[in-house]
Amino acid sequence: MGEQQVEELNHQRLHLSTRKKGGLVTMPFIIANEAFEKVASYGLVPNMILYLISDYKIGVAKGTNILFLWTAASNFAPVLGAFLSDSYLGRFLTIGLGSFFSLMGMFLLWLTTMVPSLKPPLCNQLTETCKQPTHSQFAFLIFAFIFISLGSGGVRPCSLAFGAEQIDDKKNPNNERALESFFGWYYAAGAIAVLIAFTGIVYIQDHAGGFWGSAILMVLSTILFFAASSLYVKMKVKKSLFTSFIQVIVVAYKNRKLPSKPPTADGWNYHKDSPDAVPTKRLRFLNKACIIQNPKDVTADGLASDPWSLCTVEQIEELKSLIRVLPLWSSGIMMSINVSQSSFPVIQASTMDRHLGSSFQIPAGSFAFFTIAVLALWVILYDRVVLPFASKLRGKPVHLGVKLRMGIGLVISSVAMVVSAIVEHARRKKAIEQGLVNDPQTVVAMSAMWLVPQYCLHGLAEAFSAIGQNEFFYSEFPKSMSSVAASLFLLGMAVANLLASLILSTVEKLTKTRPKRRLLLGPSRDELRKPFLLCGLQLGLRKESAEELQRARSVADERQSLFSSLPS
């Protein structure tokens with residue numbers, strides 16, 4: 001090969017390696033990856049409590065707690081995945097590994113339905129006895145759950161940030177509006193995926209059995225993501241965020257006796273290519289970590305000679321951004337507790353009349369369809385109808401602030417809990433009147449469509465609050481922490497799952513010594529006090545008002561009086 005040909009080939013390779021990547025062409029692959037992962041994993045949730053009860057002979061309380069902890073692990077894992085992504089692996093590799101782990105978990109779970117030795121045998125109809133799962137059988141099931149949780153920890157925190165990277169352009173004057181539209185449509189696509197999971201996947205499980213559908217979807221998810229590998233923008237990881245945070249705290253403590261400002265204006269340590277040359281005035285005690293005490297502490301290339309003695313302004317602001325969002329992050333936990341109560345409505349619906357017409361019966365696990373349908377519908381209406389109409393009406397671009405949307409979501413969520421408590425009171429009353437209190441397998445003569453309003457309200461609440469939170473976190477964090485920003489909402493869900501498990505365990509323990517009034521004796525008795533308790537907690541945290549707390553207590557007292565009047 002001649003010298004001229006070699007030079008031309010090198011020029012072509014350079015052109016291919018430096019051509020513009022990212023853009024809208026990558027969106028179908030990124031969105032499809034998470035959408036299929038969501039269809040596969042969320043499709044497991046609705047019927048999982050019924051699978052644990054029927055196939056693994058696990059009680060309602062224990063099974064619900066297992067699902068709470070599994071969901072909590074699935075929501076905690078994204079925090080670990082976010083730090084690994086932003087500190088070591090990068091988002092592309094983290095999503096790829098997450099997809100593989102999810103696929104392994106789905107495969108193991110599918111095996112539990114195919115291999116009889118992996119779960120307890122059928123109950124003995126003559127003696128009416130059922131064997132509990134062995135330690136090895138239970139461990140195999142838990143391993144499947146762990147792999148699925150690890151997979152979600154890789155995909156969910158990185159997918160949103162990875163997609164935003166492909167279109168985020170600060171030079172674009174409409175960049176903020178483009179990102180707002182992207183977040184809305186991304187969430188709508190995820191909602192539609194969950195919608196399919198709660199209908200199609202649940203229907204397949206009810207009529208065909210097994211978890212093979214979820215396994216196939218994860219295969220497609222993994223293949224589609226890697227198919228567009230050459231098209232993605234892949235940002236390189238510069239440092240470990242966790243180590244950076246620890247360094248800031250340590251150096252700030254070492255320099256605690258220094259004045260808040262350096263003696264000269266150029267006494268702050270910052271990267272030359274960083275827009276942050278001076279730290280912000282908030283949380284000023286952290287600013288002492290980037291004060292240059294000795295010019296020798298900075299090397300010739302502008303870096304700190306010892307990162308455990310001197311930090312940069314950029315490091316300070318990254319830690320501040322995390323601390324700054326914590327109050328608003330915590331406000332969404334109570335709403336997430338409401339959302340996490342997915343097992344109880346399934347059991348609730350299974351005891352009600354779910355027929356539409358004479359032949360079709362809605363699967364108990366598919367009622368979450370209404371939540372997702374309302375969520376997706378509102379996102380589309382908000383982006384395509386509400387905002388354009390409001391902008392035309394006012395003669396200028398209009399959009400609701402993220403904090404306002406989060407607040408609206410919390411209020412609607414509180415209303416949803418009030419509605420769910422009223423419906424549960426009516427359902428339980430009918431069960432008592434029909435003498436079905438101790439016969440949880442019998443269907444109460446009450447239409448399950450009474451559950452639809454609470455599902456719809458939860459969907460509307462999530463459309464306001466969840467999307468608002470994700471957008472708020474992404475806008476508040478620097479670009480190097482995009483995955484951490486995307487994981488904070490899931491971290492709130494994880495904390496909510498643990499709190500929900502604590503509430504359930506506490507109420508179960510307190511009522512265990514009173515069998516006649518035990519909370520989880522059967523489906524006709526559950527969900528009695530809890531909706532009122534959660535409603536009161538949420539209103540109290542949101543309003544921070546003694547009046548609201550007193551109102552919640554009076555409602556709880558009223559429910560207690562109903563307990564006292566029950567026949568023993």
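Even glycines carry a Cβ here, placed using N, Cα and C.
Not measured: the values here are computed from a predicted model.
Features reported for this protein in TrEMBL:
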type	residues	note
TRANSMEM	66-85	transmembrane segment
TRANSMEM	92-111	transmembrane segment
TRANSMEM	138-162	transmembrane segment
TRANSMEM	183-204	transmembrane segment
TRANSMEM	210-233	transmembrane segment
TRANSMEM	362-382	transmembrane segment
TRANSMEM	402-423	transmembrane segment
TRANSMEM	443-464	transmembrane segment
TRANSMEM	484-507	transmembrane segment
Query raised in the report: Taking the transmembrane segment (138-162) as reference, which of 92-111, 183-204, 443-464, 484-507 has the most Cβ pairs under 8 angstroms?
Result: 92-111
**Report entry** Closest-packing stretch to the transmembrane segment (210-233), where packing means Cβ pairs under 8 Å, from 92-111, 183-204, 362-382, 484-507
**Finding:** 92-111
**Report entry** the transmembrane segment (443-464) versus listed stretches 92-111, 183-204, 362-382: most Cβ pairs under 8 Å
**Finding:** 362-382
